[in-house]
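Feature annotations, reproduced from Swiss-Prot:
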BINDING   Thr249, Ser264, Cys265, Gly295, Asn470, Leu471, Cys472, Thr473, Glu474, Pro651, Thr652, Ala653, Ala654, Ser655  substrate binding site
SITE      Cys265  site 'Important for hydrogen atom transfer'
DISULFID  Cys265-Cys487  disulfide bond
ACT_SITE  Asn470  active site, proton acceptor
ACT_SITE  Cys472  active site, cysteine radical intermediate
ACT_SITE  Glu474  active site, proton acceptor
SITE      Cys487  site 'Important for hydrogen atom transfer'
SITE      Tyr796  site 'Important for electron transfer'
SITE      Tyr797  site 'Important for electron transfer'
SITE      Cys817  site 'Interacts with thioredoxin/glutaredoxin'
SITE      Cys820  site 'Interacts with thioredoxin/glutaredoxin'
Amino acid sequence: MDHSDVYEPYTFSGKHHVRMYDFSKLTPMWNKDASTPPRKFADMHIASTVAMELYNIERELLNMGHLSGMETMMVDVRKSPEMIPSTINMRDHITRLVNKMKPICRFDERLYSLCGELVHLRIELREVPLDTWLLSKKLNLKYEVVDNIRRYRAHIEMDMLRFYGSIHPWLKRLGLQSALKYEEYLVELEDGKKESLCQFFVRLAAAAATEASMKKPFMTTLTTGVANWRTTFTTFFLALANQLFVPSTPCMLFLGREGTSTASCYLMDPRTNNTQDTLKAITEDVVPHLLARGGIGISLQHLNGKFGLMHVMKVLDSLVMAANVNESRPTGICVYLEPWHADIMSALNMRGMVAAEESRRCDNVFLALWSCDLLFKRYLRHVNGEKNVIWTLFDSRASILTKLHSEEFEKEYERLESEGLGVASIPIRDMMFAIIKSAASTGSPFILFKDACNRHYITNTQGDAIAGSNLCTEIIQKTDANTNGVCSLASINLARCVRNIDGNRQFDFDALRYAVRLATVFVNAIMEGSDVPTEKSHSGRERNRSMGIGVQGFHTAFLSMGLDLCDERARSLNKLIFEFMLLEAMTVSCEFCERGLPPFADFSNSYYARGRLHFDGWANVELAAVEEWNMLRDRIVSAGLYNAQFIALMPTAASAQVTEVSEGFSPLFSNMFSKVTSTGELLRPNIQLMEELRTIYLDNENQRLATIAALESANWNIQTALGNKPECHSLLKYKTAFDYDQALLIDLCSDRAPFVDQSQSMTLFITETADGTLLASRVMNLLLHAYKAGLKTGMYYCKIRKATNAGVFCGDGELTCSSCVL
């Protein structure tokens with residue numbers, strides 16, 4: 001998809017270098033000569049408008065040869081207005097049409113786009129007028145949001161007109177999965193009606209503008225001109241509708257609505273050491289957050305006695321299963337344990353095919369190892385030939401270890417070991433065997449490096465170390481028995497930062513910085529207005545005001561510039577992107593304080609107050625913006641930072657579907673992703689690949705179809721299907737995550753790590769050998785590579801592609817893994 005005409009260059013002006021944008025050039029107003037007029041949202045003549053659009057699409061499908069033998073409506077309402085079908089009949093017809101067309105999308109990317117447009121027509125048939133939407137009890141908008149929408153209605157309707165003029169037609173043709181995902185996010189209203197896509201963006205922008213207007217520095221950082229509710233609304237509305245940045249799923253579902261939480265991540269460390277207190281903590285803290293649809297990471301390291309941990313795991317497993325029944329946003333729990341926990345071997349065998357017994361099976365709870373460096377140091381001693389290297393497990397008598405990290409941890413561990421306080425000793429090879437076997441068989445445990453997380457934190461944590469991360473392993477926050485970690489997320493759509501400049505596709509850093517600036521203000525605004533389930537979470541949010549700004553479309557952006565992820569130009573660009581993301585986010589946060597807002601609570605005790613920034617903890621970091629960093633460093637010492645944390649690279653599996661770009665910072669999972677679910681087939685073709693293929697065979701449709709057939713036979717592996725075709729040489733860049741050398745992908749994570757002050761949800765993608773086996777050493781070597789690179793997250797999921805077919809085991813229990821040679 002060509003997005004290059006959406007954003008114009010940004011200019012730099014004002015004391016704080018605000019990136020201004022002339023929004024009158026962002027999207028053109030409605031073209032009166034267009035075949036379909038903009039939505040008349042005042043009187044909602046929906047049926048006739050949709051019938052006309054449906055007629056045009058069916059004509060287009062007929063011309064493409066895709067309607068042969070299929071039922072059509074083909075009603076030209078301009079000639080026969082009395083023949084307009086009912087909205088119910090049109091919706092049913094659209095559903096049948098999409099279901100029949102979906103399989104053919106594998107061969108024609110234009111059809112994939114048209115199917116998306118059909119789904120948007122189905123959405124439009126359920127729209128309601130703006131007043132009806134505002135008063136919906138099922139939507140339950142906050143009073144102050146409703147009040148502002150009414151007060152500034154004339155201004156909002158001008159932005160809505162702009163949306164229907166050019167943004168909406170572009171969104172409607174993004175693709176089928178985008179349309180289906182938007183349909184899922186739009187709020188269900190009374191009488192079978194639904195929030196419209198335009199109302200969806202109005203809700204998000206109005207809610208954020210309402211909160212931003214309560215703290216003037218939020219608004220003034222967006223403009224050097226007049227800063228008020230209207231200009232703030234328009235800024236957010238146009239950026240959101242144009243997908244420059246994308247809010248988190250909880251935000252899209254709940255922002256602006258009463259009694260909801262928009263935070264994505266909650267981190268807990270109850271520090272309970274018996275079953276009774278742990279169950280109390282679950283009841284009082286875990287359950288409310290599950291019901292608020294938040295993802296939870298919880299450390300149970302202190303629950304380290306006899307007959308406790310696995311029974312509590314079973315309780316959590318049942319809670320997750322019950323909480324996710326019939327929910328639009330399923331959630332989950334990840335339990336964090338250190339590898340010296342007395343019950344660690346039982347925990348490693350609680351999921352999937354490795355579950356020792358049904359009574360201890362916990363398929364709805366994830367496990368993460370909060371691993372000390374010492375575990376890997378001992379394994380390296382074994383690899384280097386040392387005999388009888390062991391790993392010792394401890395019970396609660398060694399609880400002091402949870403408070404320590406790095407050298408202090410190692411000294412205390414070895415002291416306890418020498419005094420004979422261990423409850424079991426395991427050969428280090430067997431310990432690693434158990435970890436890798438569980439990962440290869442179930443997708444987890446996730447693996448994070450405790451020492452790296454603590455070393456690079458904003459305060460000195462020695463003596464009270466950080467105990468865990470979140471559900472998806474990208475959030476690193478200090479928690480305790482009285483304070484939960486909380487993080488609100490948004491992702492920058494990097495594909496929207498690629499532009500045609502002098503005939504070449506280039507990355508626009510002004511667009512990137514503008515997107516980060518908007519996302520920083522947006523996330524801070526929604527944090528102000530969001531409810532949190534418990535006082536502990538309220539305390540954590542207020543103490544740190546931690547943000548998690550990530551990315552999506554990383555691979556899509558690089559492909560659109562013709563770059564392989566691992567060539568030198570790509571590696572250089574990778575570092576620059578994340579350096580400027582951190583720079584802009586911290587600049588905005590500092591500006592908040594310069595304009596009168598207080599720094600986060602622990603600022604005076606943080607390294608920031610002494611002028612130390614995150615990348616200062618890394619060796620040999622080369623900065624592109626040395627002068628700007630030096631100035632910002634001085635400003636931070638002088639004024640402070642409003643937020644404690646900024647960049648977190650989360651998975652964007654759901655939100656990247658609305659943008660039709662690659663997930664997070666990972667390579668594309670497949671060039672033709674297909675997954676059968678309980679609601680039907682989820683299909684996502686690589687549109688860039690299919691469009692380029694059409695260009696190559698522009699005058700030879702038979703050859704194009706033959707090439708696609710070859711790709712189908714090769715499970716859409718480019719090298720296998722097209723490696724010998726000289727005309728397809730340019731397509732070899734379309735490698736998938738499984739085609740890349742995983743060590744090189746880890747190197748990309750390492751290159752950007754100095755600028756990621758939280759962490760990265762780094763998944764490993766591994767293919768079995770031809771005989772259907774998987775060597776444990778392959779996984780282990782990658783973990784060692786991540787450890788030596790100094791990463792905080794060593795492995796999120798371990799995804800295994802079967803050698804015999806396209807089946808991929810993703811750790812969700814839907815497919816079984818192949819056998820492993822360990």
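Note that Cβ sites are derived from N, Cα and C of the backbone, with glycine treated the same way.
The local packing around Cys487 (disulfide bond), expressed as other Cβ atoms within 10 Å of its Cβ over all shown chains, amounts to 30. Here is what falls inside 10 Å of the CA of Tyr797 (site 'Important for electron transfer') among the binding-site residues Thr249, Asn470, Cys472, Glu474: Cys472. Comparing Cα positions, Tyr796 (site 'Important for electron transfer') lies closest to Glu474 out of the binding-site residues Thr249, Glu474, Thr652, Ala654. Taking the Cβ of Thr249 (substrate binding site) as reference, residues of its chain lying under 8 Å away and at least six apart in sequence are, in sequence order, Tyr185, Ser264, Arg329, Ala654, Ser655.
Thr652 (substrate binding site): 28 other CB atoms within 10 A of its CB, across all protein chains. Cys487 (disulfide bond) and Cys472 (substrate binding site) are 12 Å apart (CA-CA, integer value). A distance of 5 Å separates the Cα atom of Cys265 (substrate binding site) from that of Cys487 (disulfide bond). The maximum pairwise C-alpha distance among Thr249, Ser264, Cys265, Gly295, Asn470, Leu471, Cys472, Thr473, Glu474, Pro651, Thr652, Ala653, Ala654, Ser655, the residues recorded as binding substrate, is 18 Å. For the pair Thr652 (substrate binding site) and Cys487 (disulfide bond), the C-alpha distance works out to 15 angstrom. Summary: among the binding-site residues (Cys265, Cys472, Ala654), the fewest other C-beta atoms within 10 A of the C-beta are counted at Ala654.
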